[in-house]
């Protein structure tokens, strides 16, 4: 019987999802992206060879895996073609392994222009977007004026709709932001060659996944970003423009929620965040710099340095509840090697002196909380590359056990290095049929 699992980030993104998805795809027939866009950056390392993906699912390097980009993903066609060609130069037959939903909203030049002009206008209050047009593209989708991938294949209708939408957005660009307009003809000329390349990959994703499930194939749904960047449940407004929680598998891939067997939350052994927004356990000190440097905490998409801090069990518990996580995968355990003391945030303290074990909702409430830490002994021994739980230092095992106690969820996978082989699998998601 086939199993259907979801892999998603339980923090603010950059948890190491790409490596874990790449590892688990050995057992998956289909790997599906269901939200986000090319603002994601998933890094895969196998036998020392590094591959960075932004749009294409992380199963693309596997010979027998079919990779799908679902309708919940906003698609920048030029970025997709670039990624396809880069992989093909490495000998990966992408066009034989990749399928696309006809319902994917397109990211077009006016979305990028709006994204950048808005960030400029915000000044010191900038959200810290990647500037790739993700938010404006989702806005058009909700406003029912988006051009979708399937629209590309009817030239007359597409050009008519495109002209109308460009006029709409140019009014804002020119008259509000005092910026240059986007030229209709240039957009048209740049898009038509791409339509021919992508046409044979376009499918009805819901039907393909339904047939795969009926054939008892293993399906893996790959999330982008992280739980606390969710447009509804994240640290709003410092969030992305899509739903990053497990529920978006249903809306972003057309796959019924009752068919999901296991949901794996990826969590670093510490915390990181890119860009502005609340981060209660942030460390602006020597320890923070240690975590950043040793963990190579620089974005795969933007190259920006990440903010670093201790593991936050308060937000992690919230992520477990929102996503109904079956188990956790703890990544970058090896980064904590050598620290005399490691800390976990177990509660928040408000400015009025009261304590809470819940995450705030508003920005004002987030600004008022401070972390209450529990300190545990660190370990001097190296955990890098360890593949057996029995080889881990006892203090590292105690740290993992304490995380399990604080969250009520087992740590099923431990990552001790960037390569897919540098992993301890205690319970394989495809071996379990757990529903919560």
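Glycine is treated like the rest: Cβ placed from N, Cα and C.
Quantities reported herein were computed from a predicted structural model and do not represent experimental measurements.
Under a cutoff of 8 A between CB atoms, and with a sequence separation of 6+ in the same chain, the neighbours of residue 306 (substrate binding site) are 14, 272, 273, 274, 292, 297, 298, 299. The GTP binding site annotation in Swiss-Prot covers 13-19, 41-43, 306, 332-334, 415-417, and the record cites sequence analysis as its basis.
Among the features that Swiss-Prot reports, Mg(2+) binding site is placed at 14, 41.
According to DSSP, residue 16 (GTP binding site) is assigned to coil rather than to any helix or strand. Packing around residue 16 (GTP binding site) is summarised by its Cβ count: 19 other Cβ atoms lie within 10 angstroms of its Cβ, all protein chains included. The IMP binding site annotation in Swiss-Prot covers 14, 15, 16, 17, 39, 40, 41, 42, 130, 144, 225, 240, 304, and the record cites sequence analysis as its basis.
Marked as active site, proton acceptor by Swiss-Prot on the basis of sequence analysis: 14.
The active site, proton donor annotation in Swiss-Prot covers 42, and the record cites sequence analysis as its basis. When secondary structure is read from DSSP and collapsed to three states, residue 42 (active site, proton donor) falls in the strand class.
Taken from Swiss-Prot, the feature substrate binding site covers 300, 301, 302, 303, 304, 305, 306. All protein chains considered, the CB of residue 303 (substrate binding site) has 8 other CB atoms within 10 Å.
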(message) Fewest other C-beta atoms within 10 angstroms of its own C-beta: which of the binding-site residues 39, 130, 225, 305, 416 fits that?
(response) 305
(request) Would you measure the largest Cα separation among 14, 15, 16, 17, 39, 40, 41, 42, 130, 144, 225, 240, 304 for the IMP site and round it to whole Å? (result) 34
(message) Test of understanding: give the count of other CB atoms lying within 10 angstroms of the CB of residue 19 (GTP binding site).
(response) 25
(request) Would you mind reading off the Cα separation of residue 43 (GTP binding site) from residue 305 (substrate binding site), to the nearest angstrom? (result) 16
(request) Round to the nearest Å and give the CA-to-CA distance linking residue 16 (GTP binding site) with residue 42 (active site, proton donor). (result) 7
(message) Quick check: in three-state DSSP terms, what is residue 304 (IMP binding site)?
(response) coil
